[in-house]
Amino acid sequence: MSEQFVASNVNPMPRIGEKAPNFEAVTTHGTLRLSDYAGSWLILFSHPADFTPVCTTEFIAFQEIYPELKKLGVELLGVSVDSLYSHIAWTRNIEEKMGVRIEFPIVADLDMNVAKKFGMIMPEEHSTEAVRAVFIIDDKQIIRAIIYYPLSAGRNMSEVLRLIQALKTSDAHRVATPANWHPGDAVIVPTPTTVEEAEARMMEQDIEVIDWYLSKKKI
Amino acid sequence: MACVTESGKISEQTKKLLLLLRDTISPADVLAETLDAPFFKIRASLRQMKEAGFIHETEQGYTITNKGLEVLHLQDA
């Protein structure tokens, strides 16, 4: 693999807070554009290759959380550099051998257009396969979170679901979520930004004030 | 999900949408709910149908065009 070839596959990764780069791609559900998802949240995730063991377990796991995601108004869209026919054959195989019907679309990204736009190719890991990336894109098509895993480690769906729930809770209540937060746990109240607000915060009775900069409440 | 299949016929999804839009002007979210289909799929279909000239978009939603009525008529013929 020449250095020139590798360099042509490396794109800057879109950052959290940026508008997700639009694309049009052939998928197992027809030709789709990222903009078709405007108005819904989307988990855009890449996998290295069809018919590989870790990816198969991940696809089954993504399908398992898909009903819960749909209830939260979140769609799933998979991406890999395999062909459409490979995707169809693989998902049929998963249904036949493992009894799981994959209901979400998968992009056939043979020209790596999507993988390059989202910085999913990491040449030091593999020059032609995408790593395990997860982009959480909100209803305004803004990238809200990014998770990257290497080829060897399958992703944790509980964490993907928890992250979506945390982001939506933060948006709905203008709060932050502490470490290991789960729905139902106390959330973090925005930190005061002036001395007066900090003093007032210490007097508040209806929230759990640990100190002026760390206060929690139930929602 | 192309709105016209390789044999030149309109797809089932396109036909369902054209039939709905023949009788009413509807926004994408209402069409998705009526057809119990994912919003992104309806948006993609509407985009392709609009590009094919079968429908056009107004402030109130999507409506069928003469070309859309024509293909619907040909489909039923």
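Including glycine, each Cβ sits where the backbone N, Cα and C put it.
Listed in TrEMBL for this protein:
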- A:14-169: domain 'Thioredoxin' (DOMAIN)
- A:C55: active site, cysteine sulfenic acid (-SOH) intermediate (ACT_SITE)
- A:C55: active site, cysteine sulfenic acid (-SOH) intermediate (ACT_SITE)
- A:R132: substrate binding site (BINDING)
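If you measure from the Cα atom of A:C55 (active site, cysteine sulfenic acid (-SOH) intermediate) to that of A:R132 (substrate binding site), you get 9 Å. A helical conformation is recorded for A:C55 (active site, cysteine sulfenic acid (-SOH) intermediate) in the three-state DSSP classification. For the domain 'Thioredoxin' (A:14-169), the mean pLDDT of the prediction comes to 95.
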